[in-house]
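Participant: So that we are looking at the same thing, I have put the structure below in structure tokens.
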Amino acid sequence: MIRILKYVTLDILKNRIVIIYAVVLALFSWSAFGLEDNTSKGLLTVLNLLLLTVPLVSVLFSTIYVYNNNEFIELLVSHPVRRSMIWKALFAGLSLSMTAAFILGAGLPLLLFADPATALIMIAAGVLLSVIFIAIAFLSSIVTRDKAKGIGIAIMLWLYFALLFDGLVLFLYFQFADYPIEKPVVLLSALSPVDLCRILILLRLDVSAMMGYTGAIFKNFFGNGWGLILSFSLLLLWIWVPFRVSLQKFKKKDL
Amino acid sequence: MRQPIKIFLRLLSACLLWVGAPLHTPAATLHVGNGGPFTKIRPALAASHPGDSIIIGRGIYKEGNLIIDKPLFILGEGMPVLDGEFRYEILSVKSDRVTIKGLTLRNSGHSVLNDPGAIKVYDASYVTITDNILLNNYFGIYLQYAAHCIVRNNTITASQKEEHLSGNGIHCWKSDSLQITGNRITGHRDGIYFEFVTHSVIWRNIARNNLRYGLHFMFSHNNAYITNYFKNNGAGVAVMFTKHVIMLNNTFEENWGDAAYGILFKELSDCCLSGNRFIKNTTGILFDGSNRIVVTRNVFRENGWGIRIQANCMDNSIRQNNFMGNTFDLATNGTLMLNQFTDNYWDKYEGYDLNRDRTGDVPYRPLSMYSMIVERNPPAMLLYRSFIIRLLDQSEKIIPTLTPEQLIDNRPRMIPYNL
């Protein structure tokens, strides 16, 4: 497994896209913090990067990568290696390089400019989001053999989680505005990893506003130790479930 | 015929006084404790004459309720402790021109019926209460029908748990011309409480971690509070049903909660608020039914809502303030807006300044649509900072439909004021 992992990681680095991704992230974050005298505005720019760009790049790059490496995968399958090993190594290689790119690109300026607790939460969220969307990419690339379709599914899933989901939730808020919906809303937000990350960061960035009545409910839920553990385990579940499903499919797939 | 007799009698009495004056002893100093002639305060009080000084030495005195009914100068040496044993009001001042200085007063009685305080002033003028430490009392310093009194540099601490079972740090009722200066108040119900108090000044006090308000103002006209610091009080500061209050240079910090405000203005009119700092409050200022208030050169930083201004407010002028890093700069509950916003610095302003006069060329609408949505539907706060919300906000900025048309700053400032 380690050897395959090495191959995959080297291959991705040779590809240079990940390096460019890291550089672009760095450019955006450094300029965000450098141009504004006000750190909270810089944080907002990085937050937008984190919630939109990071998932998009992760999901697209990984889907295309998996499709392009079909032949390499077939070659490996013909060797005496366990199939699950191949898939896991591929996943680990992609996750490692994307995560490293994110930490080098956006993580460093965050650590330098933002206050440590906020920076750590944002880096954790970015890393988790990267890995979650790689897992989603693996799932969408195993579902269909057609590359265009696979990439389409990946983009649709990104659209859904990053944009549509919030619209749907907002719609539900208005429909059920007359009911006490604070608690269902908390549950609902767990259904999208992007939302979950956004709320975790929101509780740090807009802490004063979140101390209002409903905010306090969320703060009590997400802000205390158990809430943090719960939300991070939910995020881990978001990695584990799509990857597990894709692994099962890969094991049985007729290549 | 009667008039000359009256004059004669007056002259006689004046002469008698003149002759009598040297007979009366000059102001004496009575020592209590520390090997002095008195071991307790009560006999010293009884033996004293108006104008005397009583110096109380180090020690713990448990003497129940002490009534001061003549002008006296009461000084503690080495912060002697007067203990109310949770049963008595410790000092009752019932005379003008009393000075109380350098005492530690602790454990006053707790009673909702007659509101005992560590020091209670009844209907007296020119009372000075300075440099005392008050610990764990029901009410700290209680002034009623007082005038020209000075409360200065006292440290007032309690650890009260429930609002309805606790008293205020400095409680002033139906008084006039007070000076409340340099006190530190924590753990009471309200830090400083003013009701029917006029022509008074509150200066350089620190009120923090009180159960309800740091400063509570009601029906108290023509007062000023200047350079005070209010932090983390249960509901911030409330100024209500009052006219002509001047609020300068105060700091309001970390008043968190749904009903907590940096300041709550309720039914307030003709006031001036300038040079204050509102930092990390859930709501910086709430305007409710308030008119003709000038809010100028204040800083609103990292609040949930900078200003919440209800539609029942009129002719307030909000100008030359800095709004920086607030989640929402402004919120309102209706579509009517009769207040004026001008020359403020808004860090969310995205306009330009072609003629370089430091004033933006495009007007700024400080009310984001999402703050209106959250106002009507609070749980929607959870969606804040998501992409869809930003889209909605942007389109609302271009074509306002939900937000009041008049809520606009026509001269937004490009760079923050140096405040």
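Keep in mind that glycine also has a Cβ here, set from the backbone N, Cα and C atoms.
Caution: TrEMBL annotation is automatic and unverified by curators.
Sharing the features that TrEMBL gives for it:
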| type | residues | note |
| --- | --- | --- |
| TRANSMEM | A:12-33 | transmembrane segment |
| TRANSMEM | A:45-68 | transmembrane segment |
| TRANSMEM | A:89-113 | transmembrane segment |
| TRANSMEM | A:119-139 | transmembrane segment |
| TRANSMEM | A:151-174 | transmembrane segment |
| TRANSMEM | A:217-241 | transmembrane segment |
Participant: So if I exclude everything within five residues of the ends of the transmembrane segment (A:12-33), which remaining residues of that chain have a CB under 8 angstroms from its CBs? That is, six or more out.
Facilitator: 39, 41-42, 45-46, 49, 53-54, 57, 61, 65, 93-94, 97-98, 100-102, 104-106, 108-110, 112-113
Participant: Going along the chain, which residues at least six beyond the ends of the transmembrane segment (A:45-68) come within the CB cut-off of under 8 Å?
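Facilitator: Answer is 12, 15, 17-18, 21, 25, 28-29, 32-33, 36, 90, 94, 98, 102, 106, 109-110, 122, 125-126, 129-134, 136-138, 140-142, 147, 150-151, 154-155, 157-158, 161-162, 194, 197-198, 201, 205.
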Participant: Which bits of the chain, at least 6 residues beyond where the transmembrane segment (A:217-241) starts or stops, bring a Cβ under 8 A of a Cβ in it?
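Facilitator: Same-chain residues near the transmembrane segment (A:217-241) but 6 or more away: 124, 128, 131-132, 135, 182-183, 186, 190, 193, 196-197, 199-200, 203, 207, 210-211.
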Participant: State the residues, same chain only, that lie 6 or more residues beyond the ends of the transmembrane segment (A:119-139) and have a CB under 8 A from a CB inside it; answer 'none' if no residue qualifies.
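Facilitator: Contacts of the transmembrane segment (A:119-139) (Cβ under 8 Å, skipping residues fewer than 6 from its ends): 43, 46-47, 50-51, 54-56, 58-63, 66, 87, 90-91, 94-95, 98-99, 102-103, 106-107, 110-111, 113, 154, 157-158, 193-194, 197, 200-201, 204, 232, 235-236, 238-243, 245-246.
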